[in-house]
Amino acid sequence: MGIKTALPAAELGLYSLVLSGALAYAGRGLLEASQDGAQRKAFRESVRPGWEYIGRKMDVADFEWVMWFSSFRNVILFTLSGHVLFAKLCTMVAPQLRAWMYAVYGALAVVGTMGPWYLLLLLGHCVGHYVASLLGQPWLCLGLGMASLASFKLDPLISWQNGFVTGTFDLQEVLFQGGSGFTVLRCTSFALESCAHPDRRYSLADLLKYNFYLPFFFFGPIMTFDRFHAQVSQVEPVRREGELWHIRAQAGLSVAAIIAVDIFFHFFYILTIPSDLKFASRLPDSALAALAYSNLVYDWVKAAVLFGIVNTVARLDHLDPPQPPKCITALYIFAETHFDRGINDWLCKYVYDHIGGEHSEVIPELAASVATFAVTTLWLGPCDIVYLWSLLNCFGLNFELWVQKLAEREPFAHIEASLSEQMSRRVRGIFGAMNFWAIIMYNLVSLNSLEFTELVARRLLLSGFPQTTLAVLFVTYCGVQLVKERERTLALEEEQNRDKLKPE
């Protein structure tokens, strides 16, 4: 109840005012804390000179972001630009061979970056999965995929395989893990699709064309084999009306986001402050809550920028890649929480939906979520913090279903039925606000540190109770209702568009 119900405009206006004021107040506290801590000895390693002409220092605690957009910026631009030009030339001259040209360029880029022995290592994994696909046993293909993934995540095999990389450089570990991990997922997808469609007779060449498509190779996102093969096999792809405009808009948004993050890091040291718990413990409760929230927002922005750049190139190649992840601000349900839509789609198709079915029964859902997070744990690299993250998020996902099932029983179902639809939406919004902070805390464990997560939880739930706790929940409740209103509006627009397309 209440999902499609609108709240009064005045009430929504009040929620907007409260949320804007709270964010401004918390942001001001975080800005003052960043300015006060800029000269601290503990900040010297990760807060370094930035824009000298305005005398601001910059938070450089995120190694990957700094490498992508400083040391390796020109290499990335050169490689992707070469792919775009090469792909355009091949599409004009020999469109029927464009998939082969993508694979050849990608393989050459891998050789130039990681060396020929690394390429041979990945080819060995590809051949192994292709042979397994010929046997037509899905359990064998999935088992081999998990074994291959484990070989890139656990010693001593990971150290042995890392030795195939030629030379040493700053991003070597990131590129090795990315290229190897995504290769295994792609090979597993190919093998499982081959088992599901034995009549289509996919070849080893199809797997190589799928795996060595350069824009997706190192950092994803991953497209399942069936989708990629269907799209890349089009001999004469045709663009939809206005598609080029959307591609240019996506590229512009990615550039704008990079600039915005650069500006933000000159004023807010959100990645460095949590590393100094003594300093972080002196922050006001509002600033500490904003710091926890902004850490997750940044991780979403980082993923959105990376996938935005890659997806722009993929769309120029006439592909329809997975969308960027849903913004953390709009997440108040564990079932919709993910930071990589491609991996989420892969897990749902081959593990979660396969075991859980409609996700409406408690036991199958528990089995599906445990299996899914077991694979996710292996993907992220087994360690204590990943075990904890998986356990918390697996619990959150199942707890949602338990609460939903409980709400469908008496007397709760009767109580909700007696409420108006607007009141039902408000009650659900309260649970959504609590769920929102559970999502933040459960994911902060892996994105930052367990010690910082404990500090935030202790301040917001114990020492700050009840004033801080209720204030943060009320502000979050306002945000959840605004998100629900946007979702309701979008759903109505989609319904109206579908009605227009129906024949009279």
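A Cβ is built for glycine as well, from the same backbone N, Cα and C atoms used for every other residue.
The structure displayed is predicted, hence computed values, not measured ones.
What TrEMBL records for this protein:
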- 12-31: transmembrane segment (TRANSMEM)
- 65-87: transmembrane segment (TRANSMEM)
- 99-119: transmembrane segment (TRANSMEM)
- 210-230: transmembrane segment (TRANSMEM)
- 250-272: transmembrane segment (TRANSMEM)
- 427-445: transmembrane segment (TRANSMEM)
- 465-483: transmembrane segment (TRANSMEM)
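Between the transmembrane segment (65-87) and the transmembrane segment (210-230) there are at least 3 Cβ pairs closer than 8 Å, counting only pairs 6 or more residues apart in sequence, which means the two stretches are in contact. Within the chain carrying the transmembrane segment (210-230), a Cβ under 8 angstroms from the stretch's Cβ atoms is held by residues 79-80, 83, 102-107, 109-110, 122, 126, 175, 178-179, 182-183, 185-187, 189-190, 193, 197, 202, 306-307, 310-311, 313-314, 317, 319-322, 340-343, 345-346, 349, all 6 or more beyond its ends. Counted over residue pairs 6 or more apart, the CB atoms of the transmembrane segment (427-445) and the transmembrane segment (465-483) come under 8 Å in at least three pairs, which marks the two as touching. Listed as Cβ neighbours of the transmembrane segment (99-119) (distance under 8 Å, sequence separation of 6 or more from its ends, same chain) are residues 79, 82-83, 86-87, 90, 164-167, 172, 175-176, 179, 205, 208-209, 211-214, 217, 232-233, 317.
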